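Colleague: Here it is, the structure, as structure tokens.
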Amino acid sequence: MLMSEDSVKVAVRIRPLVRTEIERGCQTCLDVIPGESQIVICNTTKSFTFNYVFSPDVSQEEFYNTAVKNMVKNIFQGKLCLVITSYNVTILAYGQTGSGKTHSMGTNYVEAENMGVIPRAVNDIFDMILSKEDWNFKVTVSFMELYQEQLYDLLTDKQRNQSIVDIRDDGKNIKIAGLVEKEVKNATETLDCLTQGSIGRATGATAMNAQSSRSHAIFTLCIYQHKKDDLNTATTAKFHLVDLAGSERSKKTQATGERFKEGVNINKGLLALGNVISQLGEGDPTAYVGYRDSKLTRLLQDSLGGNSITLMIACVSPAVFNTNVLDYNLDETLSTLRYADRACKIKNKPVVNQDPKISEINRLNKLVQELKLALVDQEIKVSCPLEHQELAEKNQCLQKKIRDLTEKFNINLIETLAMHERAELAEQAREKIQINMIEILEECKNLLDDFNKNPDKYNEHCSRLEALYLKILDIQNDQKKTSEELINYEISSINANTFTINHEEDSGQTSMDEICSPDSLDDFHEKQEEHTLLQVKRNNEVQNINKELAIKESLICQLLKNSSQTMDYSKEIQEMEQEIKTLQTEKEELLQALQNIQANNVSSKLAENRRKKVQELEKKITELRRKITEQDKIVKMKEKQDQQIKNLSNEMRVLKQTRVKLIRQMRNESDKFTKWKGSKEKELNRLKDQNRKQVNEVTRLKMWHSKQEIVFKRKMEEAFAVNKRLKEALDLQKRVKKEKINTNTNKIRDWLIQEIEVLVSTIDAEYSLEKIMQDRASLVCMLEELQNSNDVNETKIAELNEFLALRNAQITDLQQKIVESDQENNAHTRWQRIHTMDEAKIALKLLLKHIAENRRKQCVKEYEHNELQGKYELLQAQLNEYHIRQKEKRLSKKLSLNDTHSIKEYKNENESKLREELELYKQKCQELEETLSGKIQNKENVRPKKVREFKSKDFELVTDVSSTEDDNVEKDPDWIQTPLYNRIQSLLNTTKTFDRKSVKRTSNGDTKCNCKTNCVTRICTCRKNKSLCGNNCKCGVNNCQNRDQKNLNRTLFVEQTKSEEECDESLKKLRYI
């Protein structure tokens, strides 16, 4: 936040004569004019005027309260701002050596009433901090001195030669690298730091001052502050207290050696400071200012012509030895006063030291507020770009497609699960049959071998054949059970699919998107997606297991094939071993014979023949042993293959167990998800009624809110129009005042028109302000009601908060404009411009004309209002008629939906009854199978029975047109005609033939029945042909329920539903026979 340009303030303080000056007979050369901030040089015509001038008898407390105390407040509150802001503040003391700078600043901290500016300012700062309880503060202090153009940190714990710091320039501000900043909590800790730093400051004795400061000292407090509930108010203020070393002349100070060098550096820095003050005092913005000529001027760059509110305390010495001669003191005093006078012309531009990010946020918030006001003022309707709307619609369409595909994919997964289960059952049955068949084949082989060996054992062979027959029957029974299990799985899957289809049809009427909240809908879709992904993962695992099983099974087959070959090798090994034994025996015999021949001296030819034969035998034996070794290797390979077969079999068993476990998990998860989905559907049906009520209520509230928004918008537009007119009128009034209107007739007329416009605009603004404040109160009430309601609408709350912020901005803007118009003061001074009677007559004529014109406009507005009121009443009546028609339509639709629900409930009850009948028939079939198997064992004693012919009433396959319409093969693109279809069609045609034959008629052509029951099923011929039982029917009059027209309509409706269910169940059975 930029403050207006503020000149450097100057306070001149004249110190009293010291004891040495009085002893030397010095006199005062400066006079202070009482009541005026002016200094006059004695015996001269020179005088200077400053912001503050203090005579020698002014105390420290009075000096501080007058010149410094109000400046300290700028650290916490900017003087041109109504809000809490903070600025940098600099107080520097300037003057010759021994003029009282250190005493005034209080660098050498003392107690009680002689405290200088620094300790008093520190106490006031912490008192203000304690008084601001709703703010957080952090205060740090630093203390440094500039000695012989070197900066030393006075608060560091390091040695003197290691405490040197450097000046750095970051492009915006001057920073001291490595400077120690200590955090302090109260004034005591701060003054302790001041005392600690003052002890290390360079001082020395000269002829003019026993404790002369040999360096420039800067004591800085950095204050960080922000509101406890709003971090965006964070600001930082720096309070610089500068005690400059005094200018001196070596002739007066009698300084030599090191003191002389110190004085040279001090004067050098002060000369650069004086040049900067002179350059800034000239006011030329293009002139070069030599801040970099000295480190002192670089340190004071912000304090002189920069970002700071600055007070320069010019300390002067009034002592002169001879008032008629301008001696040294008077020369230095005049020089100080001249520099102080130039400093009065320096313009600083203080800026609130706010964090850059927070400052940018505040600037953007203000810009947003202004843009909102301009937006409403220009009636610009902010609408979403067409591309965004298209993308949003496309996104919604894609999301709907994704949900539909996920639903279909879930259904396909359920079908895949059923296929896995059926495949698992078939696999188990196949393995069992395979094992049994191997056993049966083995037994058959043994039986045949035994029969060939012992053909006389007839009874034993018959018993063994009977056992084989029973095993084959067991295999058939197991196969039937497996088929029944497959049929049951298929029926359950069909029921699940039917439930899913019915659910989709029911949910198609009322979408979940319209009923459920976005959060619950997201949860539902997330749950469904999670379930689908889990089922897909397990399905993939099952597929991978199937692939691994196929690979391992092929490996086992290959290994078994190799194993069968190795069995032949083992037989060959045995034969070759036997042959080796034979050859070995023959060899031994030949060797023995050869020895006998040699011993008996038989002919050498015979011995040679036998020796050759022995050699041949040895070769054969060697060859056979070599073959045996090779065969042994093959046998060992067979053992390894057998071990591999065993391992693969174990792995296959584990994989099959894992597959069964995964399929069971998939089934359990599918059942759980189906139950959960069913509960959600029940909840959906329950929410439908609530949704209808809420839709009606929301529609009513929307209409009411839309009306309110229209009214609010119209009022806002009116307020902005009034604000604009008032602003234009005020601007025009300011221009008129600047032009200094003359008192002629035309000027009076223009002036009066302008005054009327300003007055009317102000009245309109006050009226608009009152209405906007009422609207704000009503918006606050609406916001409280929405926040306290059970159904919290975050979007509506955000809208209301935005409306409230806009109202507050309008109220602030209007209040500011009303205050600027200042009608209370103008009412007293308005007529002072009229000085003559002619001017008064002109003013009266203009006022009368203005009144008449306003009355005419009022009549026109009243006429237009009456016409609009009539049109509004007509439209309101039409709207009421439209609402009545819509309510009648919704009521009729609700009645039709209730009828549909009752029919579905009735259908579900009949379906449960049919399931019970199906279980009964299954039990009867099982009993018949058991009886049949028992009779097969004793078939030699069983007498043949006649096959009972089934009549039409014993076997009746009911068909209905309504069931065939749902399964139209001509419209199904995936339908393929199979042999099973031909069987079903043949059965249907047979049923139609039975139907035609079962209809019995009298000689008159009337239908009659032969029922012995109460005629409640379609077995009754009369009921099937949708006619009443008559006197020719054989059913009992007391038991028959088909003789009453009222009862007929009721039972026929029930029977039709039953027939549809029976037909569906029959077709389901036929598909798996």
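Cβ coordinates are placed from backbone N, Cα and C, and glycine is handled just like the others.
Source: prediction; values computed, not measured.
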Colleague: TrEMBL tags one of 69-103, 699-733, 769-803 as coiled coil - which one?
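Modeller: Per TrEMBL, the stretch marked coiled coil is 769-803.
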Colleague: Inside 10 Å of the Cβ of Thr102 (ATP binding site), count up the other Cβ atoms and send me the figure.
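Modeller: That number is 25.
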Colleague: For the coiled coil (361-443), provide the mean pLDDT of the predicted model.
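Modeller: The average pLDDT of the model in the coiled coil (361-443) works out to 73.
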Colleague: Using a 10 Å cut-off, grab the number of neighbouring Cβ atoms around the Cβ of Thr97 (ATP binding site), all chains included.
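Modeller: 22, counting other Cβ atoms within 10 Å of Thr97 (ATP binding site).
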Colleague: Near Gly95 (ATP binding site), which residues of its chain come within a Cβ-Cβ distance under 8 Å, counting only those 6 or more away in sequence?
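Modeller: Non-local contacts for Gly95 (ATP binding site): Lys101, Leu244, Gly246, Ser247, Ala314, Cys315, Val316, Ser317, Thr336.
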Colleague: Translate the DSSP assignment of Thr97 (ATP binding site) into the three-state scheme.
Modeller: coil
Colleague: Just name the most isolated of the binding-site residues Gln96, Ser99, going by other Cβ atoms within 10 Å of its Cβ.
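Modeller: Checked Gln96, Ser99; of these binding-site residues, fewest Cβ neighbours within 10 Å: Gln96.
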Colleague: Tell me which of the binding-site residues Gly98, Gly100 sits in the most Cβ-dense spot, judged by other Cβ atoms within 10 Å.
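Modeller: Ranked by Cβ atoms within 10 Å, first place goes to Gly98.
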